[in-house]
């Protein structure tokens, strides 16, 4: 049986996406944007993202954070966009066969049209200067953080794991 | 929902919410407009290649000449093609002097204009080496990339997921991949190397199959059909029942490569072994008698450049005034195989500045003097300075 992504993987990606750029909280804006954690969990499960895809997504988001100036500010939906773009790119670099960008339109509940997903994909690649490598060091670092998140989740009282 | 999202974006900008500098989102990608297009070099499966000049440097004399490879964006629904994404990622991560480097990625005004900026290889155009570089490079990468992907995936995915069989140009695809093996190994690359080595010797593709079925027929015609004695277990591969093996029963490699030396044929035979488990591996291939017992000996690329460059005497071997055959290949030129002698002469000339050198060269190379002339004529006609980028002098003459 294939090893499927856990809540810890999702939490790790949420953490990474939220840290890339300072965004105003989604609650202050219109209600069309779902909370980031909910959005990540929804898209990741619909895209049947594997654990390695989510680890690469995390590594790409971390790399984007390091490349953006700390003064950069985003819109309420910027973290969502960054996550979606990173997931699209990570899925392509990890899998021989993967969903088309078109599929992610419905995975994201139509929050972003195809043209925006294509745009955010290329913008993320621009930020990353097309460096989508995932080295052993990246893997180790991301796994270490995954274990931290797993530990934090295990320490939570039962019934409120996410 | 999408509509409301856009409205919100508008309202944000109208409200003058502090926005991040939009240039941040382009990262370090430069605009394609900094390059002046000089011409179209070629077109491959992955996109069109242009020759261009980098206008960022002050004078045209010192400006960088690059190859711009435009990424083919066939289907907007797919976004950036997986193959392009991986090609960029790999070429950016590999730094080796035998591998063409992707220096940067630049973008045009429209979303589908993405270019890979690569070092420009003059020899790509018309010499025999063209086939070494242009053909070996792209195709060698496909299996490598799947492999590295595979190696990583195994670390945290059990069991390893099967890999797609749609890799490698059909001509270089190994029999196990053709028969549907999904957990193929490095040995598949060695098959490709065998095909390319054979191609270099034969001066035309060794196994130019048109479709998968035809490809296996060609393999079977060249090597004889596989059987369970030479390839145990091949009948259990998914597609083995789809292919018929009824062609001739002898290996034709020796007659096909009749112009090759004995050890060269041996190496091709060792590479083109049906059973991936029995195929020669990289280490053994490098220790093969072909490299050890037959001259010219292998040498570093720097020494190779010494043989091939130098404006006055050694025109690149492909430039012998010969005509191209139907595949666009130049006829084999003995000059390449006498390269070591040229190298030593050149080296002496460079190191000591031997005054008698031109005379000696003339007497040494009377047989080929006609060729030198031909090449010079051709150079004038073509207006090309082949191997220009190989500055083997390394500033020593300055």
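Glycine too: its Cβ is placed from the backbone N, Cα and C atoms.
The region 'Disordered' annotation in TrEMBL falls on one of the ranges B:321-347, B:348-374, namely B:348-374. For the domain 'Protein kinase' (B:35-291), the mean pLDDT of the prediction comes to 73. Its own atom aside, the Cβ of residue B:69 (ATP binding site) has 27 Cβ atoms within 10 angstroms in the protein chains shown.
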